[in-house]
């Protein structure tokens, strides 16, 4: 065996053999044939260890989520290791994370697998450990992460792009590399077969790695990485994407939370406010008591009706799409990582919010969702609900063009609409090209405003320079806001930790607020400090600029007249529509029903829409027995296959006193999706025998069929749910 890393192995040494394998896999028919090919490949490359031993992690690197720095040839010896070379700004790297999370759920370090994130920064701001910490928290990364700020391992292995996954054997030997996103099946196949291969040879160790999650040290906060903010100009309310808490907040001007929708955990569910869920939402837009949300990691556009207190999906199918054309009805059209939204008009004579513009970061494009039938520049008539590409080829570029489909964006992340003449355009914060661009609402032409470089393939032209046009330099801007009164554009220059202002007439770009340090200070514009601000919006008739100061977990308020910065004191309101509860407590999950639980079928009951049916528990304990004090005796409602029946219901409750048992009220929805349904009441009781010599957990399931009629029958008598344990 060669000394660890002695030969300076690189991915190029794997390329011929892995390329041959992947061609052979294309010709294989059955899964067994494919598995055998991978197994044979491993037999081949396993003998090349002297040439393909990776270099050790350099000493002195900063680590996250571990108790101490890790060594490939000590701590990781005996493990199959997946190295994820990533940079936290990159949307493609973000797209890989769900695959890694799924792999971690399937195989743990006890099984012999460990994932290590190797953070190799693109932008200077991303080399700073505190900023990587924020990203680790924001994206719920729970595996070890090393800050390879100088890209030492990247260069040693000749990694060429983000993301790149490198799979190592238990002796630090290179096995596979996967470049880019979209390789989930190969990742699972290669990893599982490698684990089996080395387990058969007795080379896998099941020892645990010392994991210390950074997120466990995070103090509670009303906001967690707020991404975007919008103002309801009719009422002055703020809408905040509380991204890290996976929820949307409606906040009064004084900071009191009026409504909290979703959270605290990620999910993908439509319905009433109390049951709906989001996954790292970003962009928000509000008009006429309706909020549109870029539900980024669900790859959806959601609609929040504040009057009906209901959430629905209006675009996307819930999985990442690769379509770069679109044209399907919204909820049938796959989309990819929408990052911001803006309400606007299709250009009809009547100015109305009939289009939702979408910054589609995942496909590097600008899309449109038709909220009413209309037309887009260079498009024929489009029907209501159509979700379609407006500008951008789908290639990650900084390419301007008079033809919108030939232009190229690089992870567009912020939108602002200037519908008035002479502008009539969308301003776009194009984060990976470090530019602000414009898209004409008249003909779709894409033009440069500030930042970046002339070469459309150069995505590394970033900096922090005030100037005009291409002489101005930004670093990964994420947000823009149009000031109609002053006719200027505000820019969240995120990785420079500044708010800048652009005059579109002169293309002049100057710093408005922020010292440039990643810090937190509320003072004058010149002395204030931000930490990766991600979104901003104009309020109070142009007097205030609200800023989502993402890594400071705050909404900052910039007074454009007094030129001061303050913090909005976000706090819970006693009259909030939904308790936001910082974060909201987890809803109870239904415990597993004991095998001994009785299942009782009840005779059908006839009910009508809108009726309240009373279900009364009548449970009897054995003689002398009593409920176990402090144990969670409880009931739950279930309606498998008919979940619509439980909307707006109280889904569970406690049983605290056997002599005063709860009555469960089942409100039949006014709009029923079926004329027959079954609701189950699941009961769990914890009780002790008379002499307290034994305590037990028992269960019973009552199954109540419902026959729903449109004619109003006589009021149904309460249903008794009787059972003796």
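Just so you know, glycine gets a Cβ as well, placed from its N, Cα and C.
The shown structure was predicted, so the numbers you read here are calculated from the model rather than taken from an experiment.
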Problem set entry | Swiss-Prot annotation (region 'Disordered') - matching range among 319-338, 339-358, 359-378, 379-398 | 319-338
For this session: Calculate the per-residue pLDDT averaged over the repeat 'NHL 6' (517-561) and state the result as an integer.
Result: 95
Seminar exercise, completed: Residues outside the repeat 'NHL 3' (335-369) whose C-beta sits under 8 Å from one of its C-beta atoms, at least 6 past its ends, are 91, 94-95, 228, 282-285, 287-288, 292-297, 299-301, 314-316, 320-324, 326, 375-377, 385-397, 408-417, 419, 426, 428-429, 431, 439, 441-442, 479, 535
Exercise. By DSSP, how many residues in the domain 'Thioredoxin' (48-196) are helix, how many strand, and how many coil?
Worked result: 53 helix, 34 strand, 62 coil
Problem set entry | Intrachain residues whose Cβ lies under 8 Å of the repeat 'NHL 2' (265-307), provided they are six or more past its termini | 94, 98, 138-140, 227-232, 234, 237, 239-241, 243-244, 246-248, 250, 259, 313-321, 330, 334-343, 353, 356, 358-359, 361-362, 369, 387, 414-415, 534-535, 577-578, 586, 647-648
Seminar exercise, completed: Grouping DSSP H, G, I as helix and E, B as strand, the residues of the region 'Disordered' (319-338) number 3 helix, 5 strand, 12 coil
